[in-house]
């Protein structure tokens, strides 16, 4: 019995040597130079390099300096990312430094601001009973 891997390898080899005469094979350029391509130029199948995503490896890894203001670790890609903020930093893009005062509009007067300190508190070490 012939394994599936062997059949796939024979097919790929046939494509690379034009045996099937189905058209030109694809290459890294068909995957934005960020992955290896399998198949034909008309129907490329990209296997992206680590960190890259997308049908043609068009989504690049996000940069924590840019996406997280240099205050956190960026997880994901430039199109879909999440920031894991350094200790003390908060905000969806780690934009608030420890002890930063964030303006909040008061309900009484629309032009006045009161400030809240953007801090976190540690959870108690032992559970409390109510």
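Note that Cβ sites are derived from N, Cα and C of the backbone, with glycine treated the same way.
The feature signal peptide is assigned by TrEMBL to 1-20. Taken from TrEMBL, the feature domain 'EGF-like' applies to 58-95. The disulfide bond feature in TrEMBL is assigned to 85-94.
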Counting only residues 6+ away in sequence within the same chain, which have a CB under 8 Å from the CB of residue 85 (disulfide bond)?
68, 71, 72, 91, 94
Quick one: average pLDDT across the domain 'EGF-like' (58-95), no decimals.
90
